[in-house]
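Report on one structure; see the data block that follows.
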């Protein structure tokens, strides 16, 4: 289970913080100090008030002056209610972030037309990543703080309050110090995480510090204590200016304006990735939404000057090899697992390694906290089940098909010339088996002729009720003439149906199309092999492709143009680019022995499966000269079979006869007789002997056209298909989004297991822990309530976006009232309550999200890179919008919008100083001795984390002292 595991230093710090805050808040009451310090706070209030004001929604809890016991009870109720509201905000923010992920994941398809006329299609995201991070993503993660500031101003007659602005500053401090400290510490020892888009980080960090500096300027320098309309509006308009600057830095549009960019296919899912290069050819054209755009058009695709997709990009190959390696390792590690479990494991590993947005980590953290389970594991399991189910699709004709299909069992048949007849099987499948079905058949000449090679045959086959198979026979004519292999055709036609209800067996032809029809194949090809020759031996084709996962490869050796006699055919494997000896295949050699009338033999070769993603290696299988096993002495003489001989003591045609010696381990168990060259006196043969020699030569077994088969070993088709599916980048909008209300309600009432320390066993189904059940029952009310929010499928996520932000605003109003009443009950000022409790509550989901991102992501951008941008957006939106509305309202009434600069200005200044220290330390950590902003050696991690926690504690400490006038403010 994912938990916010803090070191003893963190735990001690939080305990000291709680004690310190309460101590400071009661110092004035204990010493009965009531003096006013003008410099500390213009309102003259240096102590917390026990007098509560009516909230935006919640009324005052009467009486106003309860007993000490009632105060404790009220404070407990307010605190528990506030925590419960924070849980609700986290859950509705989960829906909100899901809608943002769906919105920012929208893509469009573009077509690239190359100079050679080829076209390539790829997809590009409509939203730029940096723009989405600074707008919708930041709004989603900081919506409670922003809305709290706006609601507080609007709900209190457009007067400035301490809760909203202090929450924004306090949340910024928590994000900048505590979240980054945690991210630095949780990275495993020795590992580092660096910010990938450093220039974007510089821009957002600069704007973040400027935002808080700007607050000090407008509060204490330009118009002390008064916020004018132009100041409020300019604060708000800094938001789009900040976004534009970050976008410019991301797209390199200023300094890099004349550096031409090239886009290549990304590692996953065909997404385009930018890199710099030379000026490309101007002939490349890009078609988007049906419009052709020349490759030199500026500002295309977020400022790109060129789009060029390399279909064989090296990164794609690396991604596939990496995925193949993952699958091989999983198979070796879990040989007992089924394919579904292996695909689930691989899916989860791919999803875990895939780069994710800030929104995803926020959603993942919230669901893990609330017992909703790991969305990556659930999605991986769903995808695995779908993949397996696709393999199990039944392609056979359904038995309940209302139409009967009539067809041959197979499309080709073979027979020997001396077989007499050849049998062909006709199949009836589907339809009403109680009907009688008639089908005509007829032979047709091919290279074989009716009357000389086969008997012309035609007729009608009758399938009686219940019959599903019939056999027809065609006569084959034998002769003693050497012939090539010949073939003829048999056609099916004219299907008719007769039902039991028909009278006198009359055929019902009116409903033939709906009752029965011809299936495939409806024509069979019959090949007649000549049996008057010993045979021509050949492979079926010169080249064959096999999958490396085939195991044992079987290759057919055909015997055509005759099948008389027993023949031996030697064979052997020959290395090519594929190596034998068990590396790519096992060396094989031997002999095939064809019996009389046997026309097919198979050679078996073992292929080694080493599970390479792309494989194209070759070896050869070769057959040698065939030879007859049994041969008469005279035929052996006439064929002049040469070899090693021993003297037999016999004479033939006046010549000594020798026995041939075969150089084989297992000689043929027969005697082959011939005459040695040295005994051949070149005596001419008679005409009769010449004729006998010619006839013997005609019947001799010979090699055919394909004697050397090239075997190309390719990657496993199933393995490659699995890899191709896995390397396609899963759109995370599909993972976090929902398609229906039914799906949302099922998720709301389902308890799922959270994260485990052992991710290697993620394929095993685990039961929810006790913590999962506790968090589920604590949050089930919110889950069911917010299941009514429209699914992200509607309006491309905008329906969910609008409803969610309204719900967040409503809950934020409750949180503001509860926090204010909690503070006044125990005597805390709103500024202190906001900086400590409210800021902490609104930042907990971000803390979990950053922790997950720091441990799982390859870079530090998702964990800390967005912190600075989020801090700037909080000021420009949260304070800019609220103060602009209030300033305009007061200006319209001829009044001034007054804001006390004391506490806020002091907090802002303190935060700015500490933020400079924070950013400086992070940049220093990029030096080679540490290697990155996050992680590194254990000592460096611990020192950095302790420093950042100390900065936060000092910020809280000094802000509280200033709020209670113990130190001089501005």
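Cβ coordinates are placed from backbone N, Cα and C, and glycine is handled just like the others.
As the structure is a computational prediction, the values presented were derived from the model and not from experiment.
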Subject >> Recorded membrane side (Swiss-Prot) equal for residue 163 and residue 894 >> reply: yes
Subject >> 822-842, 843-863 - the range that Swiss-Prot marks as transmembrane segment >> reply: 822-842
Original post:
Can you tell which of 41, 616 Swiss-Prot marks as N-linked glycosylation site?
Top reply: 41
Original post:
Pick from 157, 866: which does Swiss-Prot describe as N-linked glycosylation site?
Top reply: 157
**OP:** Among 134-154, 260-280, 281-301, find the range that Swiss-Prot records as transmembrane segment.
**Re:** 134-154
Original post:
Given 229-249, 313-333, which one carries Swiss-Prot's transmembrane segment label?
Top reply: 229-249
**OP:** List only the single closest residue to residue 478 (Ca(2+) 2 binding site), chosen from the binding-site residues 453, 486, 548, 715 by CA-CA distance.
**Re:** 453
**OP:** Within 10 Å of the Cβ of residue 715 (Ca(2+) 5 binding site), how many other Cβ atoms can you find? Include all protein chains, please.
**Re:** 22
**OP:** Mind checking which residues of the chain, 6+ beyond the ends of the transmembrane segment (798-818), have their Cβ under 8 Å from one of its Cβ atoms?
**Re:** 55-58, 78, 81-82, 85-86, 88-89, 92-93, 95-96, 98-100, 102-103, 143-144, 147-148, 151-152, 155, 163-164, 786, 789-792, 838, 841
Original post:
For the binding-site residues 478, 479, 548, which one has its C-beta crowded by the most other C-beta atoms within 10 angstroms?
Top reply: 548
Original post:
Which number gives the other C-beta atoms within 10 angstroms of the C-beta of residue 610 (Ca(2+) 5 binding site), all protein chains shown included?
Top reply: 14
Subject >> DSSP-derived helix, strand and coil totals, residue by residue, for the topological domain 'Cytoplasmic' (925-941) >> reply: 4 helix, 2 strand, 11 coil
Original post:
Out of 417, 486, which of the binding-site residues is least crowded by other Cβ atoms within 10 Å?
Top reply: 486
Subject >> Recorded stretch that, among 229-249, 822-842, 872-892, 904-924, has the most CB pairs under 8 Å to the transmembrane segment (72-92) >> reply: 822-842
